[in-house]
């Protein structure tokens with residue numbers, strides 16, 4: 001009996017010791033990592049990174065669907081607001097005593113304002129724990145859009161040309177949200193690498209749809225209100241009043257439904273700093289190759305978007321001179337282009353999971369150069385009829401949309417994580433500059449003439465293709 005009791009006591013002590021040993025193993029393992037030589041550190045760090053990047057949980061990482069939908073809707077509405085003035089801006093400017101060239105400044109002003117406000121908005125949208133609070137720029141975007149549309153509509157009532165410009169300054173505040181559309185869907189703390197390019201292409205599709213609906217809505221409401229005698233609601237202002245109401249509804253919905261995940265700090269997704277060696281720190285630095293990659297991606301984004309916005313802004317002026325188009329007809333021309341483009345962009349969305357980002361960018365650059373060359377042939381042969389011109393514009397607008405769609409996704413796959421925000425800002429700076437310069441350049445096509453416009457667009461895009469081929473091997477990546 002005593003022996004049995006003694007055996008039981010020894011067994012219980014062994015079990016307790018085993019439990020204590022089991023509980024101390026994680027601590028011992030952590031101590032081992034910190035105290036081992038650098039070679040062991042590097043091996044362990046690689047294992048931890050592999051576990052964090054290849055685990056099924058990370059492969060399926062996605063933000064809440066309602067947040068994704070609100071981001072995409074915001075992108076769509078922002079593009080509608082940006083482009084709704086294109087069919088009427090030249091006539092509205094002349095109506096208030098301005099010129100057609102001034103209309104290009106009206107179109108391009110918001111993005112240069114957004115560029116100046118990028119850094120303050122980035123600081124405003126960061127939480128204390130380092131996480132990005134996307135709800136803040138969403139609210140700012142909605143309020144800025146409402147004020148911008150209201151002031152734009154009141155310019156005719158007070159008969160003051162520069163109130164249009166002031167209204168577009170407010171909309172420039174709203175355009176800071178363009179920084180966050182692709183930033184959200186490529187955020188490494190929210191979206192796994194396999195979903196970044198498809199979601200980024202979805203934002204491009206929303207952008208294409210916005211470019212379709214905006215000019216069409218502007219031209220349609222301009223025609224519907226052509227005989228209105230009320231200077232508050234007329235052919236120049238009706239579309240902007242409608243968009244102000246739409247943005248008010250969006251503001252209310254987003255304020256209640258959009259939720260940011262602030263529970264996990266940014267550093268929670270990274271490896272413990274105690275296991276990072278000098279070699280690992282070097283891998284987290286921005287190399288010359290990384291800097292050149294960032295420059296090339298920003299350059300091709302700038303050139304393609306410059307061409308896209310330049311052609312878009314030139315269409316009302318160009319079609320008015322060639323075919324005697326009204327604002328309604330010019331709006332329909334642009335809308336039909338983007339209506340045909342949207343299914344093509346959607347197909348790129350589905351294919352983007354199986355095609356490398358570099359192939360998407362290079363292929364669409366080649367198509368863009370072909371479209372520009374086709375327009376040159378039509379112009380030089382004096383055969384600039386409606387259908388050939390429409391086809392050339394269709395090719396240029398489609399490829400211009402697609403070239404930059406994987407830009408942010410490509411950079412997040414090539415740059416160290418700590419430089420993702422910097423890469424995103426570089427791309428957004430390229431977009432903002434190209435929106436402003438392209439709109440001014442395209443709006444002044446009647447003064448500049450076609451050949452200089454063609455040469456600038458063709459040469460900068462050809463140079464972008466050369467740059468892309470220079471980094472071709474270094475940006476190769478696996479596709480799922």
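Using N, Cα and C of the backbone, Cβ positions are placed for all residues, glycine too.
As written in TrEMBL, here are the features:
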- 67-476: domain 'Major facilitator superfamily (MFS) profile' (DOMAIN)
- 68-90: transmembrane segment (TRANSMEM)
- 102-122: transmembrane segment (TRANSMEM)
- 134-154: transmembrane segment (TRANSMEM)
- 160-180: transmembrane segment (TRANSMEM)
- 200-221: transmembrane segment (TRANSMEM)
- 241-258: transmembrane segment (TRANSMEM)
- 292-313: transmembrane segment (TRANSMEM)
- 333-352: transmembrane segment (TRANSMEM)
- 359-379: transmembrane segment (TRANSMEM)
- 385-404: transmembrane segment (TRANSMEM)
- 425-445: transmembrane segment (TRANSMEM)
- 451-475: transmembrane segment (TRANSMEM)
Recorded stretch that, among 68-90, 160-180, 292-313, 425-445, 451-475, has the most CB pairs under 8 Å to the transmembrane segment (200-221):
68-90
Would you kindly list the residues that approach the transmembrane segment (134-154) from elsewhere in its chain, counting only those six or more residues past its ends and only Cβ-Cβ distances under 8 Å?
67, 70-71, 74, 77-78, 81, 85, 110, 121, 124-125, 163-164, 166-177, 179-180, 184, 232-233, 237, 240-241, 243-244, 247-248, 250-251, 254-255, 258-260
Looking at 68-90, 102-122, 160-180, 292-313, 333-352, which one has the highest count of Cβ pairs under 8 angstroms to the transmembrane segment (451-475)?
292-313
The recorded stretch from 68-90, 333-352, 425-445 sharing the largest number of CB pairs under 8 A with the transmembrane segment (160-180) is 68-90
Mean pLDDT over the domain 'Major facilitator superfamily (MFS) profile' (67-476): what is the value?
87
May I ask which of the stretches 68-90, 241-258, 359-379, 385-404, 425-445 has the most CB pairs under 8 A with the transmembrane segment (102-122)?
425-445
Counting Cβ pairs under 8 Å that are 6 or more apart in sequence, does the total for the transmembrane segment (359-379) and the transmembrane segment (292-313) reach three or more?
yes
Between the transmembrane segment (292-313) and the stretches 68-90, 333-352, 385-404, 425-445, work out which stretch tops the count of Cβ pairs under 8 Å.
425-445
Can you tell me which parts of the same chain pack against the transmembrane segment (68-90), counting only residues 6+ beyond its ends and a CB-CB cutoff under 8 A?
62, 100, 103, 106-107, 110, 134, 138, 141, 145, 148-149, 152, 171, 174-175, 177-178, 180-181, 184-185, 199, 202-203, 206-207, 209-211, 213-215, 217-219, 222, 235-236, 239-240, 243, 246-247, 250, 253-254, 257-258, 312-313, 315-317, 320, 327-328, 330-331, 334, 435, 443
